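Q: Before anything else, here's the structure in question.
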Amino acid sequence: MTFRHCVAVDLGASSGRVMLARYDSKHRTLTLREIHRFVNCLQKTDGFDTWDIDSLEKDIRLGLKKVCNEGILIDSIGIDTWGVDYVLLDKQGQRVGLPVSYRDNRTTGIMPQALVQIGKSEIYRRSGIQFLPFNTIYQLRALTKQQPELTAQVAHALLMPDYFSYRLTGEMNWEYTNATTTQLVNINTDDWDDTLLAWTGAKKSWFGRPSHPGNVIGDWICPQGNRIPVVAVASHDTASAVIASPLANKHSAYLSSGTWSLMGFESKMPYTTDEALAANITNEGGAEGRYRVLKNIMGLWLLQRVLKERRITDLPALIAQTEALPACRFLINPNDDRFINPDDMRAEIQAACRETDQPVPVSDAELARCIFDSLALLYADILHELANLRGEKFTQLHIVGGGCQNSLLNQLCADACGIRVMAGPVEASTLGNIGIQLMTLDELNNVDDFRQVVSANYDLTTYIPNPDSEIARHVAQFQPKRQTKELCA
């Protein structure tokens, strides 16, 4: 068979897509086509910020049916989503309540309890995962303490991509890359950690052993009656994005830029030293036994909220106005937990500037300038931190995901980091999803083989650092004095 058709379901925190990939194995060409796009947003349910999971499932099925109705024979399906959130099921496999979003405030004050009762170094020694107040470990603790009546009904807990795979196939699976984001997987055994899980109050029987990417979970029966394999891809969207990052060598770092920015490097070994703990470095699971050694950055969430609040629809025009403004007049720490989900992002940014005796951004362009400059400076700090951790400098940074379309931010990043930036591909999560499917179908050998396909089929844009730019001069003057505040650590 010369052609393969694979479908990637890629769910983000603000939107979802069903994408069709066509791979020509003879010429090693890979094309993507968007079949269906839909909105994903939070809703208030009984006082909690929850996901409209039934609407998401409806749109996933609609997208799959659209492909089938075109007469295309699908070879496989894969699903990737964000991490940490989960869906509860009873003994009959029916949903118990609605999944609560990681942005809900129910976990407030929970993480400090764990640090006292288990110990920060002990949690890190076991999991190797960064401390974020919304990690699944703290969500489950909040669930069992705050909603015992719900807990009593639970027989299974599935992470988001595993839930949708279950709904398509009837088979349960706990995919490894997403499971590691929970802070509940033991970094030495790749299985759930008994001590950490016991602290949450959740039962170990709710979970099956995590499985690495590349296994077939089960089949979805399409409207025409064909049985289509559903593959457990690297179901954490960042894990998929990293798979599609055309990293040239060990001196390349990556930045997955979207609602969240995740900056890191690939490693065959985890970094769980005291230095890594102090820097709140995470060691999330990747494909082929690789670790994604990285740090979370609040990312373009701040901009997305400002755009929504200000009802801005012309982003290119805003970026053009922003580019005309001087750099580094308004600076915030994007990783301050005050920006996780404020009632008014614009007001929160202004308050942060006011509290640090800076000018206050008023116009939309000034707010955007504040966000872009602040992100670029944080990128520079974290890249320096990662280089120190591994004892080697990076020579290149690959920016992938939707945020890599922002040419202003890309150049600011290159200037602040003092490093060459390669931007693209945009559809990194979708491509990485497809890559694992093609490996499972025996069309590709491994991740490195797939990256060669990505490099050959997708154009990258190069940004050369300008040492004379305003932000580069700012870094040269102030970076030795700057300290990176950890996101909610």
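Cβ from N, Cα, C; glycine included.
As annotated in Swiss-Prot:
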- Asp237: active site, proton acceptor (ACT_SITE)
- Ala13, Ser14, Ser15, Gly16, Arg17, Thr259, Gln304, Gly402: ATP binding site (BINDING)
- Gly83, His236, Asp237, Thr238, Asn296: substrate binding site (BINDING)
- Cys68-Cys222: disulfide bond (DISULFID)
- Cys353-Cys370: disulfide bond (DISULFID)
- Cys413-Cys417: disulfide bond (DISULFID)
Q: Cβ-Cβ under 8 Å from Gly402 (ATP binding site), same chain, 6 or more residues apart: which ones?
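A: In sequence order, the residues whose Cβ lies under 8 Å from that of Gly402 (ATP binding site) (at least 6 apart) are Ser257, Gly258, Leu300, Val426.
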Q: Using C-alpha atoms only, work out the spacing between Cys353 (disulfide bond) and His236 (substrate binding site) and round it to an integer in Å.
A: 34
Q: If you measure Cys413 (disulfide bond) to Ser14 (ATP binding site) at Cα, how many Å is it?
A: 24
Q: Within the same chain, and leaving aside Gly83, His236, Asp237, Thr238, Asn296, name every residue whose CB is within 8 angstroms of the centroid of the CB atoms belonging to the recorded substrate site, in sequence order.
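A: Here the non-site neighbours turn out to be Trp82, Asn178, Thr181, Ala239, Ser256, Trp260, Leu262, Glu284.
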Q: So among the disulfide-bonded residues Cys68, Cys413, who's got the most Cβ atoms within 10 Å?
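A: The residue with the most neighbouring Cβ atoms within 10 Å is Cys413.
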Q: Of the recorded positions Cys222, His236, Cys370, Cys417, which sits closest to Gly16 (ATP binding site) by Cα distance?
A: His236
Q: Give me the count of other Cβ atoms within 10 A of the Cβ belonging to Thr238 (substrate binding site).
A: 30
Q: Cys417 (disulfide bond) to Asn296 (substrate binding site): how many Å between their Cα atoms?
A: 17
